[in-house]
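Asker: Handing you this structure, nothing more for now.
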Amino acid sequence: MSSHSKQALPAITVAAIGVVFGDIGTSPLYALKEIFNGHHPIPVTPENILGVLSLVFWAIIVLVTIKYVAIIMRADNRGEGGSLALLALVTERAKNPRLSWIITLLGIFAAALFYGDSMITPAISVLSAVEGLEIITPDLKSYVIPITLGILTGLFFIQKHGTGAVGKLFGPVMVAWFGILAILGLKEIAYNPAVLLALNPLFAIVFVAEHTGLAFLALGSVVLAVTGGEALYTDMGHFGRFPIRLAWFGFVMPALVLNYFGQGALLLIEPEAIASPFFHLAPDWALIPMVGLATAATVIASQAVISGAFSVARQSIQMGLLPRMQIIHTSGMEEGQIYVPFTNWSLYLAVIALVIGFKNSSNLAAAYGIAVTGTMLIDTILVAFVMVLMWKWNKLLVALVAGTLLLVDIAFFAANAIKIPEGGWFPLAMGLVSFTVLTTWRRGRRMVSEEMAKQSIPMSDFLQSIDDVHRIYGTAIFMTSAKDGVPPALLHNLKHNQVLHERVVLVTVQTTDTPTVNDMERIYLHRMQKGFMRLIVRYGFMESPDIPGALELCKGHGERFDMMETTFYLSRETIVPSMARGMLPWRARLFAVMSKNATSASDFFHIPTNRVVELGTQLVI
């Protein structure tokens with residue numbers, strides 16, 4: 001590590017604490033409370049308290065520390081993490097088409113579950129913090145939901161302005177949060193150090209063996225202690241592997257463990273504190289500041305999830321899983337700071353509906369977990385493929401490591417499945433809707449490409465037929481998704497105007513399996529006959545296409561483009577659903593609606609609107 005990197009490391013680590021660990025860092029607000037006082041409460045006995053604490057501790061060790069920090073964070077896609085980055089990494093190396101198809105569906109479903117999860121996290125986090133007002137005085141109970149709705153509304157309304165300015169406070173606030181978590185827990189452990197016996201895995205094993213039914217019910221809520229663990233991998237591209245690991249081992253994990261064990265120590269002495277063990281750790285004089293700090297921490301956790309949803313939306317668009325949407329860059333300095341209006345308002349409506357419909361954090365906890373455990377299960381399957389295809393691990397070792405992690409994931413997923421009638425149906429339903437949208441768009445675009453390929457003619461035949469066509473001054477650029485053949489917009493233009501520009505460029509944008517593409521590898525320019533050339537522009541799945549910027553790079557290849565002498569011809573497809581094609585009628589209609597409402601190509605590719613000619617074409621699918 002360079003001296004410059006060493007100097008920057010503390011700042012990066014603090015910034016990572018502010019973004020990466022918000023979700024898992026606010027879990028102490030409700031995790032133990034839900035285990036002992038939720039929809040499937042465990043009796044508050046010393047034996048059960050120690051058994052549950054042991055389960056929580058070893059869940060953090062196995063699912064977060066070993067699985068994500070030690071193993072999955074090694075599977076980065078040029079520094080980027082997350083289910084879609086992992087999907088791109090695996091499909092790039094899967095030679096078997098059927099295997100590649102299965103892996104792709106798994107990755108898409110993981111992304112779909114993430115959308116379901118991202119609706120619940122802001123609702124349960126902020127609501128659980130504001131519920132601390134009830135501890136101060138029960139008279140404030142009626143204000144909890146209005147205050148929560150007000151905070152969430154403010155949070156979603158400021159997204160379009162970006163969070164760069166206030167984002168600088170996220171790290172220090174979360175450092176203070178984790179520091180207080182540790183202090184409150186340590187204070188209570190000092191009164192009852194016997195609680196540390198639960199660090200021994202035998203307590204978890206005995207609890208599971210002697211109270212199998214209770215342990216199974218407990219697992220459904222124990223998972224609340226590890227929700228957000230997947231964010232360590234998802235946010236790796238923003239901060240790097242080492243700062244996240246340093247923050248986890250050096251500060252965040254010890255603070256979480258101390259707080260959970262502090263709550264356990266409190267319950268051993270005062271079982272009646274189970275109504276809100278987290279806030280009962282604080283002295284009476286500190287309750288109001290604690291509610292304020294907890295609310296700030298949950299807002300930061302929610303912001304991280306919202307930003308993650310924007311990032312996944314952009315990845316999905318680039319990977320051909322969603323139609324073009326408006327993507328606004330909210331920072332001139334940071335490429336990753338974006339705002340996706342459709343995603344923002346969809347999440348907002350869902351989050352508000354959840355708060356109003358479920359009414360308290362305990363009810364929401366029943367809905368939480370199923371999406372997270374589903375995502376974790378899929379991540380384990382995908383990383384098993386990475387172990388075989390990329391790391392070339394011995395298959396016996398893969399079976400041992402991945403098999404053990406799969407068993408743990410399946411146990412947690414099964415325990416959460418019993419919560420489906422109580423609220424778990426919501427993230428699953430939202431995940432299913434998202435999965436349907438993602439796969440419908442992917443399938444529809446493939447059918448459109450196939451239909452356009454049928455209607456196209458070979459470039460060689462076209463070039464031979466244009467000798468007598470009148471050529472006019474200037475440059476015409478035709479955007480096309482096909483790497484060969486003649487774009488429909490070019491044929492339509494020639495048919496109606498009977499002329500061609502003296503220079504014609506066919507531009508195809510490709511998305512790679514990597515998060516970014518170096519400018520040296522951005523473009524491929526192929527000169528053909530009679531003033532025609534084909535330009536391939538490559539972008540990573542974390543980048544936003546910029547065609548004028550790509551044309552600037554052509555200077556290095558001897559081609560210059562003057563925007564005032566250049567006309568962009570774009571094809572606007574009108575989709576006509578058909579009963580006779582390879583898609584169910586309702587899905588064809590859904591695809592047609594998505595296609596109609598997609599952001600215009602000129603906006604998405606940053607093409608000057610005063611230089612655009614749009615030509616319509618009708619396609620039957």
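Heads up, the Cβ atoms here are built off N, Cα and C, so glycines get one too.
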Asker: In Swiss-Prot, one of 138-158, 579-599 is tagged transmembrane segment. Which stretch would that be?
Answerer: 138-158
Asker: Most CB pairs under 8 Å with the transmembrane segment (166-186): which of 52-72, 101-121, 249-269, 338-358, 370-390?
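Answerer: The listed stretch sharing the most Cβ pairs with the transmembrane segment (166-186) is 249-269.
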Asker: Residues of the same chain, at least six outside the transmembrane segment (101-121), with any C-beta under 8 angstroms of its C-beta?
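Answerer: That would be 23, 83-84, 86-87, 90-91, 94, 227-228, 301-302, 305-306, 308-309, 312, 315-316, 321, 347, 350-351, 354, 364, 367-368, 371-372, 374-375, 378-379, 381-382, 385, 426-435, 438-439, 442.
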Asker: Can you tell me which recorded stretch out of 52-72, 286-306, 338-358, 420-440 has the most Cβ pairs within less than 8 Å of the transmembrane segment (249-269)?
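Answerer: Checked against 52-72, 286-306, 338-358, 420-440; highest Cβ contact count belongs to 52-72.
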Asker: Given a Cβ distance threshold of under 8 angstroms, which distant residues of the chain, six or more beyond its ends, lie next to the transmembrane segment (52-72)?
Answerer: 24, 31-32, 35-36, 42, 81, 86, 195, 198-204, 207-208, 215, 218-219, 222-223, 225-226, 229-230, 232-233, 244-245, 248-249, 253, 256-257, 260-261, 264, 376, 379-380, 383, 401, 405, 408-409, 412
Asker: Considering pairs 6 or more residues apart, do the transmembrane segment (213-233) and the transmembrane segment (338-358) have at least three CB pairs under 8 Å?
Answerer: no
Asker: Out of 12-32, 286-306, 338-358, 370-390, 396-416, which stretch touches the transmembrane segment (138-158) the most, going by CB pairs under 8 Å?
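Answerer: If we count Cβ pairs closer than 8 Å to the transmembrane segment (138-158), 338-358 scores highest.
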